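Chemist: Found this in Swiss-Prot, in case it helps:
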- R67, S68, G69, N80, L84, I85, D86, M94: substrate binding site (BINDING)
Amino acid sequence: MKLDLKILDARMRDYMPAYATTGSAGLDLRACLDAPVTLQPGETTLVPTGLAIHLADPGYAALILPRSGLGHKHGIVLGNLVGLIDSDYQGQLMVSTWNRGQTEFVLNPFERLAQLVIVPVVQAQFNIVDDFAQSERGEGGFGSTGRH
């Protein structure tokens, strides 16, 4: 898949989104910062990537997801948990960065911060019904299928 990418900050030419391995599902996104940013515990900030994408095809969307190492080791996750980039969005990719950890975290310029995953999208149309055909599960939720 070819994806239109707009470089908003010339420094990002040296830090293009890339797959870390041939089996990677996510492209690494980096913090486009002029200086380090310190996030205190509980603090959230929007971090620019210096990049914009335009998917154009309504059959696709992009997800901005946290990097597992930052979340597990440092408590750095996304403030909105998942960022959804619609196919018609053309603005800068921003990463809502939340320090849910117990200590301050310093985010350095061009550090890998999140990952971008391209996913297929199906736009649903609704069929209004009075009742559903009976299923084995029915309305059971929130643990109704058991713990183990």
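Just so you know, the numbers here start at 1 and follow the chain as drawn.
In case you wondered, yes, glycine gets a Cβ from its N, Cα and C as well.
Keep in mind that this is a model prediction, so the values were computed, not measured.
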Chemist: If the substrate binders are R67, S68, G69, N80, L84, I85, D86, M94 per the record, what's the largest distance between their Cα atoms, in Å?
Modeler: 26
Chemist: In the structure shown, with every protein chain counted, which of the binding-site residues R67, L84 has the densest set of Cβ atoms within 10 angstroms of its Cβ?
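Modeler: Sorting the candidates by Cβ neighbours within 10 Å, the top entry is R67.
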Chemist: If H, G and I count as helix, E and B as strand, and all else as coil, what does DSSP give for S68 (substrate binding site)?
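Modeler: Once the DSSP labels are grouped into three classes, S68 (substrate binding site) ends up as helix.
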Chemist: What's the most sparsely packed of the binding-site residues I85, M94, counting other C-beta atoms within 10 A?
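Modeler: Per-residue Cβ counts within 10 Å for the binding-site residues I85, M94 bottom out at M94.
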Chemist: Does DSSP put M94 (substrate binding site) in a helix, in a strand, or in coil?
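Modeler: Strand, per DSSP.
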